[in-house]
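Asker: Before anything else, here's the structure in question.
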Amino acid sequence: MSDIHSLLVAAILGVVEGLTEFLPVSSTGHMIIVGHLLGFEGDTANTFEVVIQLGSILAVVVMFWRRLFGLIGIHFGKPPAHEGQGSGRLSLIHILLGMIPAVVMGLIFHDTIKSLFNPVNVMYALIVGGVLLIAAEVLKPKQPRAVGIDDMTYRQAFVIGCFQCLALWPGFSRSGATISGGMLMGVSRYAASEFSFLLAVPMMMGATVLDVYKSIGFLNMGDVPMFAVGFVMAFIVALIAIKTFLQLIKRISFIPFAIYRFIVAAAVYVVFF
């Protein structure tokens, strides 16, 4: 690829990554389709996708930096505003409980999970994840037991972590799994989304660093500009996407996202079959 072409491809994929990483629509499904259409596939493409995820993670850190530092007892000025009706407070224990199930499952079945990265499995994951979103909207308690993120219990955090295991299935969507699990456990749509974003930082950071380490042999200095463009675009777009998403879910349900997932699944079928 020419330099200009490779930078353009990097910018497009950075936008796709940033736009879809934290929405319940599966960034994996979108990256597979767009990467295929752009002719950007193989080991370098896989490493590129892993690296630009760091841009999306950085966007969450920037958005929730005060809350993240507060979880480890570091406060700059006033503590983050209390979000809830009770007197509880989200703690690092909630995050750890939300991480444990997927970390354990991911370590045990790492090689099996990697073997699932193909269009067929992604297509089915998109469909099943869409059904789960609809089920969460239909079956969730009429009155959430955790209105704000600080109302969440340890049990709710752990069960959300169990739902996160579904995201080990490529194409399922980590945010879709965790948000659906939270809503079914009586966490409000907004609080479940916030917790999903906070949970993403250690989960994605750990997985990304591990993948980068294992892919280091496919990196070379000539790829740095392309990777940098993808990283920056993913960061900027993810920042905008997160802000917009949190405002949007105050007004609409996740049904439109579920329908969109079915459309993407159909697109995967058309493109690859």
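Including glycine, each Cβ sits where the backbone N, Cα and C put it.
Marked as transmembrane segment by Swiss-Prot: 13-35, 45-65, 90-110, 116-136, 157-177, 190-210, 222-242, 252-272.
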Asker: Contact between the transmembrane segment (157-177) and the transmembrane segment (116-136) is defined here as three or more C-beta pairs under 8 Å separated by at least 6 residues; is that satisfied?
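Answerer: Contact criterion met.
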Asker: Hey, would you say the transmembrane segment (252-272) packs against the transmembrane segment (13-35), going by three or more CB pairs under 8 A that are 6+ residues apart?
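Answerer: Per Cβ check, the transmembrane segment (252-272) touches the transmembrane segment (13-35).
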Asker: Looking at the stretches 45-65, 190-210, 222-242, which one shares the most CB pairs under 8 Å with the transmembrane segment (13-35)?
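Answerer: The stretch with the most close Cβ contacts to the transmembrane segment (13-35) is 222-242.
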Asker: Using a Cβ cut-off under 8 Å, which residues of the same chain at least 6 positions beyond either end of the transmembrane segment (190-210) come close to it?
Answerer: 22, 50-51, 53-54, 56-57, 60-61, 63-64, 67-68, 71, 83-84, 90, 94-95, 98-99, 102-103, 106, 144, 146-149, 151-152, 157, 160-161, 164, 174-175, 178-179, 181-183, 242, 245-246, 249-250
Asker: Under 8 Å between C-beta atoms and at least six residues away from its ends: which parts of the chain pack against the transmembrane segment (45-65)?
Answerer: 10, 13-14, 17-18, 21-22, 31, 35, 194, 197-198, 200-201, 204-205, 208, 211-212, 215, 218-219, 223, 226-227, 230-236, 238-239, 242-243
